[in-house]
Amino acid sequence: MPRRQKDLVLLQSIFRPTSSSCSRQSSSREFSVLSRPPPNYPGHVPLTFIERSALAVGSAVTSLLNPRRADMIAALGEATAQPFFITKLRNRMLASPTGRRILRDRPRITSKTMSLEHLRKLPENSVGRTYAAWLDREGVSPDTRDWVRYIDNEEEAYVMQRYRECHDFYHALTGLPIFVEGEIGLKAFEFANTGLPMTALSLVAIVKLKPQERQRMFNTYLPWAFSNGLGSVDLINIYWEEELETDVNDLRARLGIEPPPDLRETRQKLREAQKRASKDKTT
């Protein structure tokens with residue numbers, strides 16, 4: 001069994017529901033492991049307070065040790081979003097006409113619902129083509145997002161799923177890459193914009209950066225993230241499926257987002273300067 005599956009089994013071994021039937025009723029009432037309510041939607045795992053706390057701690061530690069564990073980061077996001085933060089995010093969607101339409105339509109972002117072949121043929125500077133180009137450059141797919149399981153309210157579970165599936169659009173819009181330094185910058189931006197605790201907790205990974213990367217994060221990318229995240233509109237209310245042909249610069253201007261310095265280019269220039277300096281020393 002792969003390591004990530006073993007870790008999930010270990011964390012979830014005490015979390016399995018005792019009934020496979022579905023219920024649309026809320027699981028917010030207190031219960032014990034001996035009287036666990038049925039799930040509220042397919043795949044839902046109702047957790048007690050102690051179980052949720054254990055999941056939060058376990059996934060947080062694992063995520064810090066290995067920031068590439070997307071499954072643990074997803075579990076951390078769900079374990080820490082209740083009971084207040086995900087509700088607040090849903091209320092911000094309900095307060096927006098576009099947000100209400102998203103909650104009504106419940107669009108999904110996958111390779112089946114959003115053809116990458118079609119997106120690659122859109123105009124050069126369109127949102128859709130920028131998104132597809134970012135996916136191609138980083139070697140990722142929209143199909144890699146884990147399903148939400150630990151959010152009790154069914155509509156709030158969709159809000160978390162929507163946030164998760166829109167994450168790569170935030171990457172494409174800002175140009176930040178998927179390696180640790182880029183993810184930390186984007187998580188800071190998301191925290192300022194969404195208020196989800198997991199995005200703030202992810203910033204602890206700064207301690208794993210090299211000194212030069214840490215300095216760059218504090219001097220450039222964190223100030224950019226908080227300024228733009230707080231100053232932009234609620235990105236959870238963007239109907240990305242309707243913006244695919246929009247000019248990406250026009251959308252950034254409308255949302256109030258200024259792209260940060262290109263992180264890949266910055267790192268490349270630094271490596272080249274270090275090589276030149278090393279070569280000069282040997283000659």
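Backbone N, Cα and C define each Cβ position, glycine as well.
Annotated features, as they stand in TrEMBL:
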- His167, Asp168, His171, Glu183: Zn(2+) binding site (BINDING)
- 255-283: region 'Disordered' (REGION)
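Each residue of the region 'Disordered' (255-283) gets a DSSP state, and the totals for helix, strand and coil are 21 helix, 0 strand, 8 coil. The Cβ neighbour count for His167 (Zn(2+) binding site), using a 10 Å radius and every protein chain shown, is 17. Summarising the environment of Glu183 (Zn(2+) binding site), the number of other Cβ atoms within 10 Å of its Cβ, over all protein chains shown, is 20. Taking the mean position of the Cβ atoms of His167, Asp168, His171, Glu183 as the Zn(2+) site, the remaining residues of that chain whose Cβ falls within 8 Å of it are Phe169, Tyr170, Leu176, Ile178, Leu186. In sequence order, Trp134, Glu138, Pro177, Ile178, Gly182, Leu186 are the residues of the chain that are 6 or more apart from His171 (Zn(2+) binding site) and have a CB within less than 8 Å of its CB.
Around Asp168 (Zn(2+) binding site), the same-chain residues at least 6 positions away in sequence with a Cβ under 8 Å from its Cβ are Ile109, Tyr131, Trp134, Leu135, Val140, Pro142.
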